[in-house]
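Noted in TrEMBL for the protein shown:
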type: REGION; residues: 1-24; note: region 'Disordered'
type: TRANSMEM; residues: 44-63; note: transmembrane segment
type: TRANSMEM; residues: 75-93; note: transmembrane segment
type: TRANSMEM; residues: 99-118; note: transmembrane segment
type: TRANSMEM; residues: 139-163; note: transmembrane segment
type: TRANSMEM; residues: 194-214; note: transmembrane segment
type: TRANSMEM; residues: 226-251; note: transmembrane segment
type: TRANSMEM; residues: 295-315; note: transmembrane segment
type: TRANSMEM; residues: 377-395; note: transmembrane segment
type: TRANSMEM; residues: 401-420; note: transmembrane segment
type: TRANSMEM; residues: 432-449; note: transmembrane segment
């Protein structure tokens, strides 16, 4: 059959939705802060959301390292303190996007690998409790050395402008799988976490949806209040519900895992946290350096770099900003490398990257103000110092409540990636192949690596060199990394002589943002104070 072009649509026929460079219906964008009382409350809400990951990671790792509740509380305080500093640096000198820089799950496999390396087993004495604390301290010092070395990768790639040259080849077509899988790829942290205590997690998820999306349509007068502060309402209601179940003895005879997931008094942080404590560099001692562990952590740093590139794009989308120029993303990567360096100096045990859940919170509240996130960073620093009074109390929120929040936030970020397809030609077989193939492999390959690890206890690459195993297993276990790299490679190499390919990729929509002076909005959103953007890296 001959391929006939369709006739021009008539005025009465449905018209397609026009592409939007900036997301409409945003209440406050980067440069338009809300009133101070509202900004403070929204900043506190961002703090509550990032607290979930901050507590979950140390709660899983510290007992395996040999640490007690005291060490867990100190590590959580350190991660909070460092996250506050790194978020301020990123919002002032980095991309200037309202992006929170917090603890990253990407670094967890390498930290576990260091913990299981065997060179710390001679420290532990089953009888002497102090030996376990010594083992914890030595493992943390080993992660410090690895993080300090690994930070140089992002610092060099970011501040030298090398990453800028990589981002220049990015198009909406290759960015859509990357950003989409940054959100959708974290599905394992969603409903599986809710199901660990279904009587708490599922009501939390239902209440969150009701308050944020249904209540505003019923109560016309205060619709902005419910939509913007849905997290605070949900956490307060479900925490009280879980608290009454706890004091009522609902879980007294249950298994340990059930009690740990459902009860509000099983975190062990309120009694263990000191009243006032200021984290300081090298608080655990002198870092321990190992070449193999440093290389493995450097690969995790590279994976976090790719994932954060997608997260930066998602944040810019939901903050109603234009696409960040490659020089701005490269600048943000450089400061993220500084964030990993600070994490290593203070001894967080884990690296830093863009918080995906907080990017989803921006979408929920429709508030992308930079000031709100900076206020949130102030809460992180403040609560990390006054641990027992505030931080430990909020850390007693059961994990299924946090997982319920993740279900919505990660979905928003994934949908932000799909929204980039509005610039692409979805009637092109080239577009459909790249899109479908990259997303499928981005889900399928990590699924194989993760299943292999769960069943056999080690990844598909299993040699005598643990550091080499991590350098292969870690990147192929990241859905965003695999899907983004496949889409990027296919989109930049699969060309035809037809000049319409550029439009099919949606590249022409981003052309004006590829130079700092290409669009006046770019300088409004991303310019540094005192014109420093001319040097970090040269625009």
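In case you wondered, yes, glycine gets a Cβ from its N, Cα and C as well.
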Can at least 3 Cβ pairs under 8 A be found between the transmembrane segment (295-315) and the transmembrane segment (401-420), with each pair 6 or more apart in sequence?
yes
What parts of the chain pack near the transmembrane segment (139-163), using Cβ distances under 8 Å and only residues at least 6 beyond its ends?
65-66, 75, 107, 110-111, 114-115, 120, 282, 284-290, 293-294, 296-298, 300-302, 304-305, 309, 326-327, 329-338, 340-341, 343-345, 347-351, 536-538
Per Cβ pairs under 8 Å, the stretch of 75-93, 99-118, 226-251, 432-449 packing most closely against the transmembrane segment (44-63):
99-118
Do any residues of this chain, six or more beyond the ends of the transmembrane segment (75-93), have a C-beta under 8 angstroms from a C-beta of it, and if so which?
50-51, 54-55, 57-58, 62, 67, 99-103, 140, 269, 273, 277-279, 283, 331-332, 335-336, 338-339, 342-343, 346-350, 352, 370, 373-374, 376-381, 383-385, 387, 391, 395, 528-529, 532, 536
Residues of the same chain, at least six outside the transmembrane segment (432-449), with any C-beta under 8 angstroms of its C-beta?
173-174, 176-177, 180-181, 185, 421, 424, 426, 459-460, 473, 476-480, 482-484, 486-487, 490-491, 494
Six or more residues out from either end of the transmembrane segment (401-420), which same-chain residues have a Cβ under 8 Å from its Cβ atoms?
23, 49, 52-53, 55-56, 172-173, 175-187, 189-194, 196, 200-202, 204-205, 208-209, 212, 231, 234-235, 238-239, 242, 310-311, 313-314, 317-318, 356-361, 363-364, 506
